[in-house]
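Structure first, then comments.
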Amino acid sequence: MALISMRQMLDHAAEFGYGVPAFNVNNLEQMRAIMEAADKTDSPVIVQASAGARKYAGAPFLRHLILAAIEEFPHIPVVMHQDHGTSPDVCQRSIQLGFSSVMMDGSLREDGKTPADYDYNVRVTQQTVAFAHACGVSVEGELGCLGSLETGMAGEEDGVGAEGVLDHSQLLTDPEEAADFVKKTKVDALAIAIGTSHGAYKFTKPPTGDTLSIQRIKEIHARIPDTHLVMHGSSSVPQDWLAIINEYGGEIKETYGVPVEEIVEGIKYGVRKVNIDTDLRLASTGAIRRFLAQNPSEFDPRKYFSKTVEAMRDICIARYEAFGTAGNASKIKPISLEGMFQRYARGELDPKVN
């Protein structure tokens, strides 16, 4: 089975200049859509369990769902990633369950809501890196808080995210601080704040350089060229699915996401992991609303759930192709987690800081 570390996958992405969409998984339909799209496009996969998904489905159920996907598609390299761990303990339990990558979100306190100070973030991330790398498991850290540069409001989803109004110093990751953070923690990947936020309501109008700072990505990448950058809250909020939802009884107000072309620009400057959740939610909801409206006598869940798989699969295919992920699964030769531990121990994977 091709369960690999995120570090190996993102190193390959950096070498060949592509990005990898990281899709949140809550149920069978999402998992199947992601894997069928990856199979069709020969794409490596990052699937992640958010705090909300772990609460909804339970970490053991998610683990076996992902392992089942790996068993059915053994030729596709898969990273099983725990998203937004709020403490080293959460990350440690995920590693015990078999996750090959964890995120220690020390930008927030353990309640997942209160912005943490820098020293706290460094300390808990260092702790997580120490035991994770000893297991060959990758670690993603976070510096800065997700939120809107347009309004200053923090972004929350699935119970994780700062609350209230934040200033620009919290909403934009500082390049110098990023370099210091990576040097001290040795994280494999760093989620940075550039003006994106969780959920569907990211921007009230198509984003500009004032509300989405691709320039900040370039500045951070120049300081930590070997550290893989992560864009959270990067759903593009497809307008066609918004229209379908509202056509069939939905009431979602006007909103815009992160344009795919802006993500592609970020990939040129070190973005290797792109977190996507809302796009699949919108496609799934739109497909169900449309099917039930057109088939009011239907009550077999398999029939309308199959429509969600089709809708989400198309989104996944589009992202794999746009980010350059397509065609790379077969090029990755899996390294075991034990092999990754040996590489960490030899210092081969220590970060470069300019």
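Just so you know, glycine gets a Cβ as well, placed from its N, Cα and C.
Database features, via Swiss-Prot:
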type     : residues                                                       : note
BINDING  : Ser50                                                          : D-glyceraldehyde 3-phosphate binding site
ACT_SITE : Asp83                                                          : active site, proton donor
BINDING  : His84, His198, His232                                          : Zn(2+) 1 binding site
BINDING  : Asp105, Glu142                                                 : Zn(2+) 2 binding site
BINDING  : Gly199, Gly233, Ser234, Ser235, Asn275, Ile276, Asp277, Thr278 : dihydroxyacetone phosphate binding site
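Using Asn275 (dihydroxyacetone phosphate binding site) as the reference Cα, a 10 A cut-off selects His232 from the binding-site residues His84, Asp105, Glu142, His232. Neighbour density for His232 (Zn(2+) 1 binding site): within 10 A of its CB lie 28 other CB atoms from the protein chains shown. Close to Asp83 (active site, proton donor) in the fold, though at least 6 residues off in sequence, lie Ala22, Asn24, Gln48, Ala49, Ser50, Ala51, Ala53, Met103, Asn275, each with a CB less than 8 Å from its CB.
Proximity note: of the listed binding-site residues (His84, Gly233, Thr278), His84 have a CA within 10 Å of the CA of Asp105 (Zn(2+) 2 binding site), given in sequence order. Sequence-distant neighbours of Glu142 (Zn(2+) 2 binding site) (same chain, 6+ residues apart, CB-CB distance under 8 A): Met103, Met104, Asp105, Gly106, Ser107, Asn121, Leu190, Ala191, Ile192, His232.
Each residue contributes its Cα atom, and for Ser235 (dihydroxyacetone phosphate binding site) and His84 (Zn(2+) 1 binding site) these two points are 17 Å apart. The candidate set comprises the binding-site residues Asp105, Asp277. Of these, Asp105 has the most other Cβ atoms within 10 Å.
All chains included, 25 other C-beta atoms sit within 10 angstroms of the C-beta of Ile276 (dihydroxyacetone phosphate binding site).
Separating the Cα atoms of Asp277 (dihydroxyacetone phosphate binding site) and His84 (Zn(2+) 1 binding site) is a whole-number distance of 14 Å.
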